[in-house]
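Step one of this worksheet: look at the structure below.
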């Protein structure tokens, strides 16, 4: 059974606390995700499912946040039978079988929503999805009343993509050069760049997609590039998690060992916090 029924208040405040304490350097993510989840869960009769699209480069927290959200929503987290995870490389690898994939994806979602309206569907690496494939799920995302009663409106769809990451990084960098702190960056600063990269790119799973034309994504969630001090926070968390002593010298060394960009200023981590865990062993 989904955990949501326990106590919506408890769920929302727990998630908010976790995002505030464990998610490093992503104020916009916290704001967008909480707004989406709060509005959605407080509404006993939503008109459409909650649809969120996460964008940002590697290691900035996209998978981390989606797993955290699922952990709060479902008692057994990603292992829950109500949580469905799609990866184009695993599930839809062959371009020539796209018609078959469309059919099975549609049937799969329809079948699962019939079993449990409060289901979650995660689509990983949307940038590697064959264009056109994702459009078969359009009937499940909108407020159309035709589809399978009202059951499907309580579902949650999360799209995760590296697409737009480079553009988010460029905007963040340009704003930094214009003396605007990353904490002050707004969604409006980033949305045009993300749209262009994600929705107008023939290589992208969202290319010419009705999901975009019909405005079915409720929340675009941009993950900003992480600075040196954010990486240090990740190193500390990782040391604590591995039960190792938090020595400032080690924290500094691990953080310094990661590549930063741009070449001159070395402001942002090229891999976010992605490689922190595997690097720690070199320093112990």
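Just so you know, glycine gets a Cβ as well, placed from its N, Cα and C.
Straight from TrEMBL, the features:
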BINDING   56, 57, 58, 59, 60, 61, 62, 63  ATP binding site
DOMAIN    226-283  domain 'Torsin-1A C-terminal'
| remark: residue 61 (ATP binding site) has its Cβ surrounded, within 10 angstroms, by a count of other Cβ atoms equal to 25
| request: Check the binding-site residues 56, 59 for other C-beta atoms within 10 angstroms of each C-beta and report the one with the most. | output: 56
| note | Excluding 56, 57, 58, 59, 60, 61, 62, 63 themselves, the ATP site's Cβ centre has within 8 Å the residues 64, 162, 165, 223, 272, 274
| remark: Students should find that the Cβ of residue 58 (ATP binding site) has, within 10 Å, a number of other Cβ atoms equal to 16
| message | Sequence gap of 6 or more, Cβ distance under 8 Å: name the residues on the same chain that satisfy this around residue 57 (ATP binding site), in order along the sequence. | response | 162, 165, 166, 168, 169, 223, 225, 272
| query | Which one of these binding-site residues has the most other Cβ atoms within 10 Å of its own Cβ: 60, 63? | reply | 60
| field | Per-region confidence, the domain 'Torsin-1A C-terminal' (226-283) (mean pLDDT, whole number) | value | 95
| Counting each residue once, how many in the domain 'Torsin-1A C-terminal' (226-283) are helix, strand and coil under DSSP? | 31 helix, 5 strand, 22 coil
| query | If you draw a 10 Å sphere around the Cβ of residue 62 (ATP binding site), how many other Cβ atoms fall inside it, taking every protein chain shown into account? | reply | 25
